[in-house]
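Asks: Before I ask anything, here is the structure I am working with.
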Ligand code: ADP
Ligand code: MG
């Protein structure tokens, strides 16, 4: 995939109407609907501010949550959950939609920008059309939740065209949604000159750069829960990395494949052969693949379980691996010390329990002390680094969970592929 895409700076937006796809999929309090974290709204500000400084008229859009766009599918979904279809009213469906309105986002965005944000009550309906038509340079309009339109997730060309018709330029800054080929993330680019905003630009430059032309040695640190959810990442990084470090729950399938005893640890029997193949492949390619020499295990999966240090190949029958041990920490820190680039996906242990967060913390510390370009991808990995206080010490923490995983898998991202090449 070509990561070298035109940005908002490579195109004339002065005085133009710009359709800006943002990632305003913010977490909300279940009962009050209040936005509990406005990081994603703040992340969009540099691009919005730039467009306003250029005197563009900004038509922002985003999805929020997973609304069910038609009453029929709502009834079907509720029936699947065991509800009597006859008892489901249209009223109830409309209420479920209202909960996912972007109106609270418009309010917060307006506070952050210090200027009015006009809210449309639909996506491409009469209200959006009228407000977009009347929008003046320097003004901001926010369309309603794109997933209120059933054509959004189907990438319906008619919806994409209707969105495009309101604007003259398309700017995408929703990195968290670029792995989805939806009408507002990809389809619309067929009808307008399409470029990236600053968020996507940074993701492409740093992650794309590390994948396409890394400063070596490239060390990939892979952890998290399951081998099976990381096959694509392992496969792709094995092709480009100089060293691969394994930690987290996926470790035990590798250890078992090597003849170790893993006790009650997370194990995916179906992937034993795969792990052996990967070990073999790494050897053939001259890629160093490191497994932890020691393990911190516990008798039960709980925050106050007693941490027990064991040799990784001999985890007792009544124990499960929870974190990497001190010897592994030393070896892993040594491996990243002289790295040119480190790509990290997946915590080294059950970091949510402080007693088992030491491995993840030590790796974060090692990264913060190295001169390498350090890249964190994956939702839980980003959360771990933030929670442990290392966020500002990393070169880049990807803003997209699923999108960054697919990026590291080397997959084509529809929301990036559709942008103009430089
Ligand atoms: P990411 O979202 O960064 O891609 P994953 O979703 O793959 O990461 O994995 C994160 C989860 O893996 C965390 O919730 C963590 O508790 C879990 N995990 C890490 N080590 C272990 C382990 N030894 N046993 C069970 N779960 C683990
Ligand atoms: Mg995760």
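Start at 1 and count along the chain as shown; that gives each residue its number.
Glycine too: its Cβ is placed from the backbone N, Cα and C atoms.
So TrEMBL says this about it:
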BINDING   23, 24, 25, 40, 63, 64, 65, 66, 147, 180  substrate binding site
BINDING   40, 147, 180  (2R)-3-phosphoglycerate binding site
BINDING   230, 321, 352, 378, 379, 380, 381  ATP binding site
Asks: List which of the binding-site residues 40, 180, 230, 321, 380, 381 have their Cα within 10 Å of the Cα of residue 23 (substrate binding site), in sequence order.
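Replies: Neighbours among binding-site residues, in sequence order: 40.
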Asks: Looking at the binding-site residues 25, 147, 321, 378, which ones sit with their CA no more than 10 Å from the CA of residue 40 ((2R)-3-phosphoglycerate binding site)?
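Replies: Hits: 25.
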Asks: Where the criterion is a Cβ under 6 Å from an atom of ligand 2, which of the binding-site residues 65, 180, 230, 321 meet it?
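Replies: The qualifying binding-site residues: none of them.
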Asks: By CA distance, which of the binding-site residues (25, 63, 65, 378, 381) lies nearest to residue 180 ((2R)-3-phosphoglycerate binding site)?
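Replies: When the Cα distances are compared, 63 comes out closest.
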Asks: Of the binding-site residues listed here (25, 63, 65, 147), which is spatially closest to residue 378 (ATP binding site) when Cα positions are compared?
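Replies: Going through 25, 63, 65, 147 one by one, the closest to residue 378 (ATP binding site) is 25.
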Asks: Does any of 25, 65, 380 have a Cβ within less than 6 Å of an atom of ligand 1? These are the binding-site residues; tell me which, or none.
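Replies: List returned for ligand 1: 380.
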Asks: Which Cβ among the binding-site residues (352, 380) has the fewest C-beta neighbours inside 10 Å?
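Replies: So among 352, 380, the binding-site residues given, the one with the fewest Cβ atoms within 10 Å is 352.
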Asks: Looking only at 23, 24, 25, 40, 63, 64, 65, 66, 147, 180, which the record lists for substrate, tell me the maximum pairwise CA distance in angstrom.
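Replies: Spelled out: the longest distance between any two Cα atoms in 23, 24, 25, 40, 63, 64, 65, 66, 147, 180 is 18 Å.
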Asks: If you count CB neighbours within 10 Å, which one among the binding-site residues 65, 378, 379 has the smallest count?
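Replies: Candidates: the binding-site residues 65, 378, 379. Fewest Cβ atoms within 10 Å: 65.
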Asks: Do you know offhand how many angstrom separate residue 147 (substrate binding site) and residue 379 (ATP binding site) by C-alpha?
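Replies: Residue 379 (ATP binding site) has its Cα 22 Å from the Cα of residue 147 (substrate binding site).
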Asks: In angstrom units, rounded to an integer, how far apart are the Cα atoms of residue 380 (ATP binding site) and residue 63 (substrate binding site)?
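Replies: That comes out at 22 Å between the alpha carbons.
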Asks: Nearest to residue 381 (ATP binding site) by Cα, among 25, 63, 65 (binding-site residues)?
Replies: 25
Asks: For residue 230 (ATP binding site), which residues of its chain lie six or more apart in sequence with Cβ-Cβ distance below 8 Å?
Replies: 222, 224, 250, 345, 346
